[in-house]
Amino acid sequence: MSLTIWEEERMNFMDIICKLHFLSIFNRFSIKCPANYLIIERTHCESNFKWRAKADSVETPEKWKRDSLFIDKDGKFKHFNHKKVSRRKCGSLRGQGWKYGSGFVDGIFPVLSPTALEILKFVQNEVNKNRVWSSLDNLPPTNTYRDDLIDIMVRLRLNKQWDPIILICEWILKRSSFKPDVICYNLLIDAYGNNSNYKKAESTYLDLLEARCIATEDTYALLLKAYCKCGLVDHAEAVFSEMRKHGFPPSTKVYNAYIDGLAKGRDAHQALAIFQRMKRENCEPTAETYTMVINIYGKENKSYMALEVFHEMKSRKCKPNICTYTAMMNAFARDGLCEKAEEIFEQLQEAGLEPDVYVYNALLEAYSGSLTVRALNLIKASSSTSKNALLPLFSRPLLFRRAFSSVSATIDEEAAARAAAVNADSGAPTIFDKIISKEIPSSIVYEDESVLAFRDISPQAPVHVLVIPKLRDGLTELGKAEKRHGEILGQLLYAARIVAEREGIIDGFRVVINSGASACQSVYHLHLHVLGGRQMKWPPG
């Protein structure tokens, strides 16, 4: 039968097509029937059907080989399985939901198209809602552009840019012709939660239900985290009831989100209670769970409890990852147990893991002062491959400074102290005199007629404030104090107390006075260091 349809058969043929079209609308599937063959298929989810017929003489086209390359988050080319991920039907994320804590599906990093890159630059720089929405209104309502928007939001999420995500998601929900799915709602709940706007996150969840969109475990995990960030533990508990109501028993993923949210909200006691409840309800903790609990104990200066959790993890056949080992090293470092930290470092290497910059940072923090040389020797003995992990220390100044401050800072401070001691009794103006006269700007915390307190430009703790007398009056160092200086010395200590109260460290802080070159005094104008905001160690060194 040729492609030409005779007049007398035309009406019958069209009648068949109309019937097939009618059935397809209700059954929502593609229908094939021989003409030699006739294909009736949907072009996309909201459109009409199209049909085409082919003759025997027409050669079968060569099967199109789809691109299976993508760039992962480490910048390497990899292949993906088309059966597992469709990049045509709304990219790597459509229909897959959204994986809590990563933003990826099967490890695929969203590679942005040229158009998506332009949109990304625009939404990052433009803060006016109406301008953003007006520009997005010009996008054609196709799956390709919807893919681009989802990939853009995932990229924004990786950069923790929550406001542009909110703008795009709200445009999709309120103004666009795109039909929102669970990934859009999840991204919006996540963005509101990270902005500490739990009411908006809650409202988005209710909108999801009203739109008859099926919530996922990720939805509840993100909602839990939003409540925890705002300190609403009661609301967080209600999420578990809501999950059961919709047929979701509490899972490891949701418990992990709960523990993570409580830990970041500094509710360590409740986080540990949820960890125990998780085990009672036969939810198997993962390496991520144990790592979070170890971190909690480490920050509480309970390295012995962190070690107990570490042993429990191994007894349950849960394999520690590099984050777990790093958490253990940090726990021992905070308690000054450098040899224990070294043991964990060796176990990490025995497990076949390559130390990264965070491992080395934890090791160097564990070995303070002269023992840092021992830490550097350990690094020197490491494999050449693992030494490459130190490269980020040089490209990231903050990590570099933290890692090597215990070596370089000690040398620099000693040299500065020796140089300053030469002119200690000359009476020459110091940098503090210029700060008092406001010639040099400073971040003033407290000031009265006799005392000035300002932040140290090279802080050694989260709170580090210097307290000085406005009039030096021969008080170059504490060792040179005379009886007549008794009143100002008392005023300095009282000012230190006021600073501690204003900085929120009144429950625990340290006052340090360096007197003389051997104590590393580098400015010969008596000053007190007020330090706090972290657990102090003893002896101080």
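Backbone N, Cα and C atoms are what each Cβ position is placed from, and that goes for glycine too.
Record note: among 295-299, 365-369, 525-529, 525-529 is the stretch given as motif 'Histidine triad motif' by TrEMBL.
Non-local neighbourhood of H527 (active site, tele-AMP-histidine intermediate): F432, L466, V467, I468, I513, each in the same chain, at least six residues away, with C-beta under 8 Å from its C-beta. DSSP classifies H527 (active site, tele-AMP-histidine intermediate) as coil under the three-state reduction.
Secondary structure of the repeat 'PPR' (181-215) per DSSP, as helix, strand and coil residue counts: 26 helix, 0 strand, 9 coil.
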